[in-house]
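Peer 1: Sharing a structure with you now.
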Amino acid sequence: MENAKRLSAERALEFVEKGSVVGVGTGSTVRWFIEALGREPGLIKGAVSSSEQSSALLRQRGIEVLDLNAEGPLGLYVDGADECDPQRCLIKGGGAALTREKIIAAASERFVCVLDASKRVAVLGRFPLPVEVIPMARSHVARELLKFGGQPVWRDGVVTDNGNWILDVHGLSITDPVALEARINQIVGVVAVGLFAARPADVVIADGVVVAGSV
Ligand SMILES: O=C[C@H](O)[C@H](O)[C@H](O)COP(=O)(O)O
């Protein structure tokens with residue numbers, strides 16, 4: 001599994017343009033991408049990071065962390081996912097970084113998603129769907145999410161980099177990810193939902209092989 005993640009992350013280097021600013025996601029797969037970037041000093045100008053965790057790793061590897069407001073739009077965003085369907089729609093946010101990830105994905109021309117093949121599914125939803133919420137809205141949002149047929153569970157003790165909380169929605173079978181993303185986005189108190197469907201990945205690399213999207 002770890003080797004599969006590493007192979008995918010290293011393959012993503014093919015998409016990096018010399019001297020560019022690269023958007024960098026969060027998690028155990030992207031960690032390998034950061035390692036690979038660190039072995040090529042001078043390849044990129046710097047990175048826009050999706051989390052405090054990735055910012056720390058980038059700095060440890062000698063890569064400058066830059067501000068999206070100054071650098072965007074970006075040519076490339078590289079990130080992992082918790083699940084990926086055949087349309088390249090994703091569930092993300094297992095590491096609670098979904099909101100900043102979504103912002104960088106939206107501000108990037110190409111989103112390359114790196115994962116191990118076990119995360120490829122026919123229908124999204126086996127992995128509980130993360131929803132970042134404003135803390136005072138937690139119970140309200142949970143009641144609204146019940147209407148979609150899933151069971152929201154508070155990820156107690158987790159505070160996002162934005163100071164918010166996470167609800168994980170269990171038991172969904174997401175046959176129309178675009179519609180569900182839009183509906184959840186409309187609940188007052190939701191900051192972001194970890195469904196990446198309106199803006200799916202452009203390229204998917206699984207176990208080091210480009211399985212969807214063009215090079
Ligand atoms: O919030 C975390 C991110 O969405 C990650 O990209 C996702 O959870 C996948 O992480 P990992 O590569 O550790 O499986």
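A Cβ is built for glycine as well, from the same backbone N, Cα and C atoms used for every other residue.
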Peer 1: Have a look through LYS119, LYS147 and flag the one TrEMBL assigns to the substrate site that THR26, GLY27, SER28, THR29, ASP79, GLY80, ALA81, ASP82, LYS92, GLY93, GLY94, GLY95 belong to.
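Peer 2: Site partner of THR26, GLY27, SER28, THR29, ASP79, GLY80, ALA81, ASP82, LYS92, GLY93, GLY94, GLY95 for substrate, according to TrEMBL: LYS119.
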Peer 1: Counting only other Cβ atoms and using a 10 Å cut-off, which of the binding-site residues LYS92, LYS119 scores lowest?
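Peer 2: Output over binding-site residues LYS92, LYS119: least Cβ neighbours within 10 Å is LYS119.
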Peer 1: Rounded to an integer, what is the Cα-Cα distance in Å between GLU101 (active site, proton acceptor) and THR26 (substrate binding site)?
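Peer 2: Here the two Cα atoms lie 8 Å apart.
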Peer 1: Let me know how many other Cβ atoms fall within 10 Å of the Cβ of GLY94 (substrate binding site).
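Peer 2: I count 21 other Cβ atoms within 10 Å of it.
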Peer 1: Using a 10 Å radius around its CB, how many other CB atoms surround SER28 (substrate binding site)?
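Peer 2: SER28 (substrate binding site): 15 neighbouring Cβ atoms within 10 Å.
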